[in-house]
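Colleague: Pulled the feature table from TrEMBL, pasting it below:
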type: REPEAT; residues: 160-194; note: repeat 'PPR'
type: REPEAT; residues: 195-229; note: repeat 'PPR'
type: REPEAT; residues: 230-264; note: repeat 'PPR'
type: REPEAT; residues: 265-299; note: repeat 'PPR'
Amino acid sequence: MATSSSLRRLKGIFTGNHRAINQPITSSTPIDRSSQAIVDSFKKSSECPNFRRKFFHYETAVHQLSEAKHFSGIIDIIEHQKQYPDISNEFFVTRLILLYGKVKMYRHARKLFDEMPQLNCPRTVFSFNVLLEAYLKSEIYDKISGLFRELPPKLSIEPDLVSYNTVIKALCKTGSLDSAVYLMDEIENHGIKPNIVTCNTLLTAFHESKRYTEAESLWNMMEKRNIVPDLCSYNIKLNSLVNAKEVSKAVQFFEEIVNKGFKPDTFSYSAMIKMCMRERNLEGAKMLYEKVMQSGSIPDHTMFMMLITIACSARSFDFALHLCKEAMESHKAIDNRLMQRVVDGLVEHSKIENAKELIKLAESYKSFEYELSLPLHN
């Protein structure tokens, strides 16, 4: 059986070595008082130079206002910064541009970029790259290539590798993979050498598009040009093998990752656990889970969901209970239906007290509101 041979191989490895909101909220839009209080407090605090140097204050405030949909408040606090001397510092302004990008307000990001000369702030390839990144974060992928062609000659800016990598990523996101490959060739014509970021972006797109031959050609090109694959490169290929249900090849490739001295990360383990879920291989999943915990990493939401699903399918509800407890302790919310499935399984196996314990624990969980019930048991 493939499952048992895969399990033995795993043991051998370890025992061996939507779209942007770009318009200000109008006066007719009801604004929560607490949201406006954030704006007022932030503007007052901005008077202190030390406050303005700590940019996590900005990120926190913008995130809170975005969650409250108080977009005019975001504009207000960023516009407020123009009165301070920091506004002539390119690094300071680019952080403001990126804040707009993170909340998908790309038009405001562009407006601020265009205003930089009026603010006595230099515009170099650095701020140009940040503008591209703001559009990328806003998921306005189809506009990025146009900006890339339009702005550099107009502003006398020479695009660098970061510029090209951002455009290549945008082209991959729009499905224009051939254009992305062409652009990589163009990089070299400008005397710029592609790096691992360039290659990983294209590797991801090739595998997602199931263009495996081209992915393999790119891998070979990397070796010839001394572009050393990193763990991300290996994870891309590993995940592709798992998605293609190439069990033995995936296990062999995972072994290669370990043998090359890489320490598998959450993405590596998630791919292998996904394979175990498909194979209904509880023992393999348990082994991988133990390795994750031993590595000092914390499973993410997706990994916990897969592991609990495997445990329930194998009717190993004690393990499922353990995973639910670990997930809640790690502040990872589990889908209510899956949690209810664990409760039902515990009751079915006459583990009523364990089921009650899980319900009580879920009720006390502050980060997610569970609605669990104890089923009738004869």
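Yeah, the Cβs are placed from backbone N, Cα and C, and that goes for glycine too.
Where the annotation comes from TrEMBL, it is an automatic prediction and has not been curated.
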Colleague: Could you give the number of helix, strand and coil residues in the repeat 'PPR' (195-229) as assigned by DSSP?
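Modeller: Result for the repeat 'PPR' (195-229), in helix, strand, coil order: 26 helix, 0 strand, 9 coil.
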Colleague: Can you tell me which parts of the same chain pack against the repeat 'PPR' (195-229), counting only residues 6+ beyond its ends and a CB-CB cutoff under 8 A?
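Modeller: For the repeat 'PPR' (195-229), the list is 161, 164-165, 168-169, 172, 175, 177, 180-181, 184, 187, 236-237, 239-240.
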Colleague: Quick one: DSSP breakdown of the repeat 'PPR' (230-264) into helix, strand and coil?
Modeller: 26 helix, 0 strand, 9 coil
Colleague: Mean pLDDT across the repeat 'PPR' (265-299), rounded to an integer, is what?
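Modeller: Mean pLDDT across the repeat 'PPR' (265-299) comes out at 92.
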Colleague: Please list, for the repeat 'PPR' (265-299), how many residues fall into helix, strand and coil according to DSSP.
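Modeller: Reading the DSSP string over the repeat 'PPR' (265-299) gives 27 helix, 0 strand, 8 coil.
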